[in-house]
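Undergrad: Handing you a structure now.
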Amino acid sequence: MAALTLRGVRELLKRVNFATVPRRHRYKKKWAATEPKFPAVRLALQNFDMTYSVQFGDLWPSIRVSLLSEQKYGALVNNFAAWDHVSAKLEQLSAKDFVNEAISHWELQSEGGQSAAPSPASWACSPNLRCFTFDRGDISRFPPARPGSLGVMDYYLMDAASLLPVLALGLQPGDIVLDLCAAPGGKTLALLQTGCCRNLAANDLSTSRIARLQKILHSYVPEEIRDGNQVRVTSWDGRKWGELEGDTYDRVLVDVPCTTDRHSLHEEENNIFKRSRKKERQILPVLQVQLLAAGLLATKPGGHVVYSTCSLSHLQNEYVVQGAIELLANQYSIQVQVEDLTHFRRLFMDTFCFFSSCQVGELVIPNLMANFGPMYFCKMRRLT
């Protein structure tokens, strides 16, 4: 009986024309409701676990837990405020100016013959930068910045490792400077703090991010500098800068869009690991090579470029540097030389944790005792 019933059901199914079934009685699987939804932060962690466990080996577990933990910040003193008063106030919090403390310590060692001083050209740090941090292992927080007696904010809170590309650029008084991917504006502000920029072009393709940059400039920089000829804010395609203003700048900072590793693990908003942004993420290294090549083309022969990201990925770091150098050599017959920054690792080793096996440039890796970064930076000199 069961066999007959089963056979009968099969015959019936063959005869039924499902196209004639009224729409209201049809069943359509609701994929959006039934398939698991993975947030972008989880997708980012899965991606990092696959790639960085290979890239960093035994170091990855400690980097991973640090990335997932609370980030550490530095307080960049605003030299347009009453900076000596601000510095004294930060010292009362038991914070220290890691920049000037490191440079003073290095100079004392050099005078005593304890360290081999590098050549002046490679040694040059951008001057006048004061940034306070708490000691290793100290997880104290800085209070929010407030307007000071001169009408501008006293200090700017930032990942202290973000200051290293600006320091490495080695600005000199009277330099014409380009910040090719300037927004949201922390590094642009630091460039102005040096007091070396005869002219500073701050560019970013995103108009919404440019609005954030303008807000920072308005809060920290006096009107006569902000609205004068010293600072020019633009929203152009950075990849075309070599055509727009080639051979123009003494120093160029190329802080490119990247996977922003720490942000990608903590924030859903504007997360590049969203499924809808997969193609954008895959072509990132191509965009980065184009931007770095444009920055090098915009530099005068003999000028310097610093390339930087807040990613751990060697595909976005060393490979991009090598790719841009090859591109300029092959297509433009322009020679570019990578500058040695190993002295930066020695100079700031008390504040940051550096990855010792970086092939080109320097990489700050997050560490629970010094939870800054990631921050990759590489200095280049255009020879021809």
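Quick reminder: no glycine exception, Cβ is built from N, Cα and C everywhere.
Per TrEMBL, the feature domain 'SAM-dependent MTase RsmB/NOP-type' maps to 79-383. Among the features that TrEMBL reports, S-adenosyl-L-methionine binding site is placed at Cys181, Ala182, Ala183, Pro184, Gly185, Gly186, Lys187, Asp204, Asp237, Asp255. According to TrEMBL, the feature active site, nucleophile maps to Cys310.
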Undergrad: Counting only residues 6+ away in sequence within the same chain, which have a CB under 8 Å from the CB of Ala183 (S-adenosyl-L-methionine binding site)?
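TA: In sequence order, Asp204, Ser206, Arg209, Ile210, Arg212, Leu213 meet the Cβ cut-off.
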Undergrad: Taking the residues Cys181, Ala182, Ala183, Pro184, Gly185, Gly186, Lys187, Asp204, Asp237, Asp255 listed for S-adenosyl-L-methionine, what is the greatest CA to CA distance in Å, to the nearest whole number?
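TA: Comparing all Cα pairs, the maximum is 20 Å.
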Undergrad: May I ask for the distance between Cys181 (S-adenosyl-L-methionine binding site) and Cys310 (active site, nucleophile), taken between their Cα atoms and rounded to an integer number of Å?
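TA: Spelling it out, the Cα of Cys181 (S-adenosyl-L-methionine binding site) and the Cα of Cys310 (active site, nucleophile) are 13 Å apart.
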Undergrad: Long-range same-chain neighbours of Gly185 (S-adenosyl-L-methionine binding site), Cβ under 8 Å, sequence gap at least 6?
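TA: Non-local contacts for Gly185 (S-adenosyl-L-methionine binding site): Ala202, Arg212, Leu213, Lys215, Ile216, Leu217.
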Undergrad: Using Cβ-Cβ distances, find the residues under 8 Å from Asp237 (S-adenosyl-L-methionine binding site) that belong to the same chain and are at least 6 apart in sequence, listing them in sequence order.
TA: Leu205
Undergrad: So how many other Cβ atoms are close to Cys310 (active site, nucleophile), meaning within 10 Å of its Cβ?
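TA: Looking across every protein chain shown, the total is 22.
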Undergrad: Which ones in the same chain are close to Lys187 (S-adenosyl-L-methionine binding site), with CB under 8 Å and 6+ residues apart in sequence?
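TA: Counting only residues 6 or more apart in sequence, the Cβ neighbours of Lys187 (S-adenosyl-L-methionine binding site) under 8 Å are Ser162, Leu163, Pro165, Val166, Asp179, Leu253, Asp255.
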Undergrad: Over the domain 'SAM-dependent MTase RsmB/NOP-type' (79-383), what does the predicted model average in pLDDT?
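TA: The answer is 94, the mean pLDDT of the model over that range.
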Undergrad: Near Cys181 (S-adenosyl-L-methionine binding site), how many other Cβ atoms are within 10 Å of its Cβ?
TA: 22
